[in-house]
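Trainee: So Swiss-Prot lists these for the protein:
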| type | residues | note |
| --- | --- | --- |
| TOPO_DOM | 29-250 | topological domain 'Extracellular' |
| CARBOHYD | N66 | N-linked glycosylation site |
| BINDING | R93, S157 | glycine 1 binding site |
| DISULFID | C166-C180 | disulfide bond |
| BINDING | E220, D222, H243 | Zn(2+) binding site |
| DISULFID | C226-C237 | disulfide bond |
| BINDING | Y230, N231, T232, G233, K234, F235 | strychnine binding site |
| BINDING | T232 | glycine 2 binding site |
| TOPO_DOM | 273-277 | topological domain 'Cytoplasmic' |
| SITE | L289 | site 'Important for obstruction of the ion pore in the closed conformation' |
| TOPO_DOM | 299-309 | topological domain 'Extracellular' |
| TOPO_DOM | 331-425 | topological domain 'Cytoplasmic' |
| TOPO_DOM | 447-457 | topological domain 'Extracellular' |
Amino acid sequence: MYSFNTLRFYLWETIVFFSLAASKEADAARSAPKPMSPSDFLDKLMGRTSGYDARIRPNFKGPPVNVSCNIFINSFGSIAETTMDYRVNIFLRQQWNDPRLAYNEYPDDSLDLDPSMLDSIWKPDLFFANEKGAHFHEITTDNKLLRISRNGNVLYSIRITLTLACPMDLKNFPMDVQTCIMQLESFGYTMNDLIFEWQEQGAVQVADGLTLPQFILKEEKDLRYCTKHYNTGKFTCIEARFHLERQMGYYLIQMYIPSLLIVILSWISFWINMDAAPARVGLGITTVLTMTTQSSGSRASLPKVSYVKAIDIWMAVCLLFVFSALLEYAAVNFVSRQHKELLRFRRKRRHHKSPMLNLFQDDEGGEGRFNFSAYGMGPACLQAKDGISVKGANNNNTTNPAPAPSKSPEEMRKLFIQRAKKIDKISRIGFPMAFLIFNMFYWIIYKIVRREDVHNK
């Protein structure tokens, strides 16, 4: 009986002990503060009752806000020489510190917020100084990111498509290297309030496999500062320079090789018989017109600039060679027909010669004498008073030398034809050699001497 009572006593004490412990835990749980909901936390952090004013920059009346920028290039293309601009699609990322947004009440180290919250915080007034057109992306939702860290750091990322101005120097076109810039500038805050700077690591990133149709995007990207001075103050500005080397493949196929073949085609006339005037003239005119069309086509996609481009020199020289080939046949034809003109002139002169003109004949001494032989009167018909005939009046008995016999028409024809053929033979060698020398100078000058260095840009 005694042992039973003792056991019941210990059991009762155990029940009372656990009951008291459970009661204390329940009281502690009821007295512990409840975790704050995300909505309550955001209202406390940047709501109306938080005292946060998005119209006032961080560190107001204090040091300027340092904004670190980074861009990621999704696509790069549509480089237009006529309008001198280029199109690019990027992620623009800005990071700065806003002490008013630092927190300890929430367990997460960072908060990814809805883009609608962007209107509730202060943001830098960044714009692109050389922008000609731009738009945001809203498919399927606003392509914007807002992230706030525990220490008050803010990350703002946005996807935009830009059309930026890119002044081009086309003197070496199509063997040129162009430098296109992207300038990021503050619109309203001077450097006393806001300073832009490039991110130390990976300030400019390019998507893997990014290729351009006519250019090679150089890996060297110059990151510079371009502080702007206006009447309203000194404004922060940073810029990125993209070096683009043009690929010649398209222009070799579409311009250089066709024009080269046209020039070579014009030389075929040197092997065509000089009497085949329709064939040689037709070939010459066709090549000239084709070369003119080719030259006009090369300028169609380029702006009207005041200086001479490399492609202009090539087209002009090719047109000159083609036109010279046509003029060469004109010279050949003229020389080959000279004997006919000379014979026609001689016949015309003999036809209009009057018998009275034979009264005077010029000997080698240039003395004029009457010639009575035209009237059937010999020298003995006229006697002077002293018995000396008139013909012997100059007191010399020497006879005039016989004139050199003139060449026959057939000999003259062969002479002029040989001269014309000689012009063709010289042209067969001279034209290709001259064009080869031009090519040597042209490619050496534009590919070696005047080759552009991106580091000197």
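Cβ coordinates come from backbone N, Cα and C, glycine included.
Structural setting of the listed features?
Mentor: Other Cβ atoms within 10 Å of the Cβ of N66 (N-linked glycosylation site) number 14 in total over all chains. Under the DSSP three-state reduction, N66 (N-linked glycosylation site) is assigned to strand.
Taking Cβ-Cβ distances under 8 Å and a sequence separation of 6 or more, the neighbours of S157 (glycine 1 binding site) in its chain are F91, L92, R93, Q94, K144, L145.
For C180 (disulfide bond), applying a Cβ distance below 8 Å and a minimum sequence separation of six or more within one chain yields I79, Y86, L164, C166, R241, F242, L244.
Neighbour density for E220 (Zn(2+) binding site): within 10 A of its CB lie 11 other CB atoms from the protein chains shown.
DSSP assigns C226 (disulfide bond) to coil, not to a helix or a strand. Counting only same-chain residues at least 6 apart in sequence, those with a Cβ under 8 Å from the Cβ of C226 (disulfide bond) are Q183, E185, C237, I238, E239.
Taking a C-beta cut-off of under 8 angstroms and a sequence separation of 6 or more, T232 (strychnine binding site) has the following same-chain neighbours: T190.
If one looks beyond the topological domain 'Cytoplasmic' (273-277) by at least 6 residues along the same chain, the residues whose Cβ comes under 8 Å of a Cβ in the stretch are 329, 332-333, 336, 417, 420-421, 424.
In the structure as shown, the Cβ atom of L289 (site 'Important for obstruction of the ion pore in the closed conformation') sits within 10 Å of 11 other Cβ atoms.
Under DSSP, the residues of the topological domain 'Extracellular' (299-309) split into helix, strand and coil as follows: 2 helix, 0 strand, 9 coil.
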Trainee: List the Cα distance (Å, whole number) between K234 (strychnine binding site) and H243 (Zn(2+) binding site).
Mentor: 28
Trainee: Would you mind checking how many other C-beta atoms are within 10 angstroms of the C-beta on C166 (disulfide bond)?
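Mentor: Total other Cβ atoms inside 10 Å, all chains included: 21.
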Trainee: Taking a Cβ cut-off under 8 Å, which residues six or more beyond the ends of the topological domain 'Extracellular' (299-309) line up next to it in the same chain?
Mentor: 81-82, 84, 170-173
Trainee: Could you state the whole-number distance in Å separating the C-alpha atoms of E220 (Zn(2+) binding site) and L289 (site 'Important for obstruction of the ion pore in the closed conformation')?
Mentor: 44
Trainee: Determine the minimum-neighbour residue: among R93, K234, H243, listed as binding-site residues, which Cβ has the fewest other Cβ atoms within 10 angstroms?
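Mentor: It is K234 that, of the binding-site residues R93, K234, H243, has the fewest other Cβ atoms within 10 Å.
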Trainee: In Å, rounded, how far does the Cα of D222 (Zn(2+) binding site) sit from the Cα of Y230 (strychnine binding site)?
Mentor: 24
Trainee: Which number gives the other C-beta atoms within 10 angstroms of the C-beta of G233 (strychnine binding site), all protein chains shown included?
Mentor: 14
